[in-house]
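Below is one structure, written out as structure tokens, with a few remarks after it.
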Amino acid sequence: MDSQGKKVVVCDNGTGFVKCGYAGSNFPEHIFPALVGRPVIRSTAKVGNIEIKDLMVGDEASELRSMLEVNYPMENGIVRNWDDMKHLWDYTFGPEKLNIDTRDCKILLTEPPMNPTKNREKIVEVMFETYQFSGVYVAIQAVLTLYAQGLLTGVVVDSGDGVTHICPVYEGFSLPHLTRRLDIAGRDITRYLIKLLLLRGYAFNHSADFETVRMMKEKLCYVGYNIEQEQKLALETTVLVESYTLPDGRVIKVGGERFEAPEALFQPHLINVEGVGVAELLFNTIQAADIDTRAEFYKHIVLSGGSTMYPGLPSRLERELKQLYLERVLKGDVEKLSKFKIRIEDPPRRKHMVFLGGAVLADIMKDKDNFWMTRQEYQEKGTRVLEKLGVTVR
């Protein structure tokens, strides 16, 4: 709470999950899937202890997903369906989750870098007009990650469910001209895994199976350090084969797909996306930075978001960066490579890094009124109030 007794809420609305809680806390109060479901057949049945309603949100929708038509209101970090997004916020602030009176609260929201201004304007409009928060602040996700890690300078590789971005931050300021965005993230890898499993003869085609495969991905997938070697293992042995039990009791066997799916992050052409993979994008970003800052950036690469949680990802990233540096900067001179210092930080709680940074920032700002956009300012200026965040509103 701030000095006037107003609660300060932090809400990290991801494409795949909502993480929400309060300023100063060191873990989100609630984490739930950002999905909205509607029953396929109209019925007033109960499944277990959950009643089927016309509109199901979050955890409940996830549990009963086989009976629902499931929608995600956000795609690639941008809100696509505002009505469903409002249902999601109603659920977040309502009795099921935070249970707050939004009129007496301030809220800190997050968004990916390079997001359309229209998206941010609409979010602020909904927060003030529908929920009537007393203050609103919108922070860039990558900067919050660094705050959570206690750094002011570094490069954040943030890969969530909807978008991956590489965002250099110098002395606490994100550098938009160097920020790169890659629209391959967790959701695309889940989709690719579904495709790979289909080739093996397992069909997952209902919107609800998507959640099932996502859970399987989180349990079994990893990033291969040396792809040729992994492929050899997959073809010639059964070391990689794991059994997985589906919710309906069927058991399926998953082998090479375990590393083939996340490989799309490093080789986008596998899922028909043009452009370079995450390692080369990171290398290009740092090399495009000012020559005096590059060494600092190589020493402070911070991973964040659920799609960086694959075992083997940090070491693969380091290997590819060294390889690229050797080829393109040192022109193949191996002796100089020992002087090249690189450090990839993979904090264990990186899945919720953005929320943690938001909780730190909101706690520092809670009584500094000049940081927040207030309801009064919004009533006077409308969406022009965003200029307070240092954003030019056209």
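Heads up, the Cβ atoms here are built off N, Cα and C, so glycines get one too.
Worth saying up front: this structure is predicted, and the values here are computed from it rather than measured.
Under the heading ATP binding site, Swiss-Prot lists Gly160, Asp161, Gly162, Arg214, Met215, Met216, Lys217, Glu218, Gly305, Gly306, Ser307, Thr308, Met309, Tyr310.
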#### Entry: Under 8 Å by Cβ from Gly160 (ATP binding site), counting only residues of that chain that are 6 or more apart
Gly14, Thr15, Gly16, Gly77, Ala185, Gly186, Gly305, Gly306, Ser307
### Query
Max Cα-Cα distance in Å among Gly160, Asp161, Gly162, Arg214, Met215, Met216, Lys217, Glu218, Gly305, Gly306, Ser307, Thr308, Met309, Tyr310, the residues listed as binding ATP?
18
### Query
Which one of these binding-site residues, Gly162, Met215, has the sparsest Cβ neighbourhood, judged by other Cβ atoms within 10 angstroms?
Met215
### Query
Which residues, sitting 6 or more apart from Met309 (ATP binding site) on the same chain, put a CB under 8 Å from its CB?
Glu218, Arg350, Lys351
### Task
Could you tell me which three-state DSSP class Ser307 (ATP binding site) falls into?
helix
### Query
Where does Gly160 (ATP binding site) sit in the DSSP three-state scheme?
coil
